[in-house]
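Taken from TrEMBL as is:
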REGION    B:1-27  region 'Disordered'
TRANSMEM  B:39-61  transmembrane segment
DOMAIN    B:93-297  domain 'ABC transmembrane type-1'
TRANSMEM  B:97-118  transmembrane segment
TRANSMEM  B:130-153  transmembrane segment
TRANSMEM  B:159-179  transmembrane segment
TRANSMEM  B:211-232  transmembrane segment
TRANSMEM  B:279-297  transmembrane segment
Amino acid sequence: MTTSITGRSAVDDDPSGPVGDRASTGRLGDRIFGGLALGSGLLVVGIVTLVGLFLLWQAVPSLMKNEANFLLSREWNPSGEHPRFGIVDLVWGTLVTSVIAMLIAVPLGVAVALFITQYAPRWLSRPAASTIDLLAAVPSIVYGFWGLKIAGDYFQPVADVLQRTLGWIPLFTNENISAKSTLAFAGVVLAIMILPIVTAISREVFAQVPTTHKEGALALGATQWEMIRVAVLPYGRPGVISAAMLGLGRALGETLAVLILLSTLNPNADWTFSIFNGGSTFASRIAQGAGEFDTPQKTGAYIAAGLVLFIVTFVVNAAARVVIERRKAFTE
Amino acid sequence: MSTVQLDHAAAPPAAGASPGGGLGEKSGGRAAKDLTARVLMWLAFAVAVLPLAWILGATLVKGGHMLLDATWWTNSQAGITSRRVGGGAVHAIQGTLVQALVTALMSVPVGVLTAVYLVEYGRGRLARVISFMVDILTGVPSIVAGLFIYALWVTTFGFQRVAFAVCLALTLLMIPTIVRSTEEMLKLVPSELREASYALGVPKWKTIMRVVVPTAFSGIVTGILLGLARVMGETAPLIILGPYTKVIATDLFNGLMATLPTMINQDRTEALQPAVDRVWGASLTLILIVFLLNLLGRVIGRFSKVKG
């Protein structure tokens, strides 16, 4: 069932698949039913197009009135006669949390996928896979609350050590913020949240490695690890890349966990590069502003931020899809 | 399946490396690396399971006692302040279930029909475009879906923020899940079944409705349940579109309607113990509902595989 998130579709499979295309007779029933099916498909295309166009349409008036540089400003005062707002802080917050999430979740997810497909005894591999999938079933608001109330306190010592030993690097300076409210910890929680998707897709490609490749390596005297390195990992690389990208897509848009954890910054505070600082992501800023969508102009500013997020996730997901397609072209 | 068996065929030579027996004379370094990798993989799995166990354990310990109280399942929060103990979650449970049901009613037909198109009809560029758009829809962040519906429903049409708008946003998130899982199931239906039906002169649409879809039915239901489980836990669109209320509400088009996620969101910043308890209780209830749906989906999926 988890295959549904791989983005592999019937259309990508062999065209000579289970289809009786020429069975259509042009009878009324066939035309109606076929039309309904096509209509649903077109509706999906329409929805995605509408999302983009609508957000653009609603964002433009606010962007026109914006007196600050939308891409380069750190301010966020979208109301009043002289609205000034920009997304630099949001780009930074989203980037840092997502990169941290990826740095943790991708290696871990690949290792877990290898465990499930190559190492786990047979009785364990299926339950192990389902267990990791269950991580995706925990609602994101619960992750946030758990991080804030429980897990965050255990991150404090880790943060302290990193700040003491690596504090001379701008990324790790101590900003005197509780460790659980920092970009770093939000990234850690995001990593847990995207782990199931990275694992599920990596698992699937590792399971597809041709038996002959693996047996060949073993027959040449490779240890199991060497077999994995020469046969499994190279074969699975495109799949792992697209898994990472889909995970990134999720991390970029995660809202509630980040909203609950991150402490927002004072807009007048000096700029720092520290990951042990508070901040905002696109998603958390929008969720925060949801209570004050009172004027179209103000709402438009948040919609503009949402549009940027939509475009970024669109590009990331499309890229993941392209990687999957390329792999298919290569293996077939 | 075959790969699972292979793992066991492959195990002996690899295992032979560590005790130093067997044919391959593996140098100590290579055997050590192999062993290190093996240990690391087991460790990775343990690390990945830890947060799940931790979250479930914590929620159970902190919220379990709330669920044992009968009023949790019978009362709403009407008239209860965050200072006061008492009240239940019935209003939120009811809202969550109602909204999920309405969402399913809207997204299931569209999702299943789109999958039917992709598997049974679609070829060429148009089908590729539709399939690509389903992927993109899968990746649309839930907050963007909420924002889009807000822009459409509230800003453009001038309607109020009501439960039905939430359902619209959730529908966007549920459609791609249903399309992909239904596709998987339809692909498993053997083409001999279709051919036999065509050979009897049954029209294509009747073949699909009477033969293909019924054969894949339980699989499709599984996909729907998993999709439902996913949207029930979504909170971001609710924050934009569904303000919280403490009373039981039934009207999707008027007034407010509570859900479990908004109930959690309402009290999560409170420091008072009754409010904190309620947050854990609502979290546990939500997790239980989502897990039950997941479990149900898996059970149905396991016991009724399409036989290919």
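From the backbone N, Cα and C atoms, a Cβ is placed for every residue, glycine too.
Nonlocal intrachain contacts for the transmembrane segment (B:130-153), taken as residues 6+ away from its ends with a CB within less than 8 angstroms of a stretch CB, comprise 114, 117-118, 122, 159, 161, 165, 168-170, 172-173, 175-177, 179-180, 234-241. With a cut-off of 8 Å on Cβ pairs spaced 6 or more residues apart, the transmembrane segment (B:211-232) and the transmembrane segment (B:97-118) reach 3 or more such pairs and are scored as touching.
Outside the transmembrane segment (B:159-179), and at least 6 residues removed from its termini, the chain residues within Cβ reach (under 8 Å) are 95, 98-100, 102-104, 106-108, 110-112, 114-115, 118, 134-135, 137-138, 140, 142, 145-146, 148-150, 153, 223-224, 226-228, 230-231, 234, 237-238, 240-243, 249, 251-257, 259.
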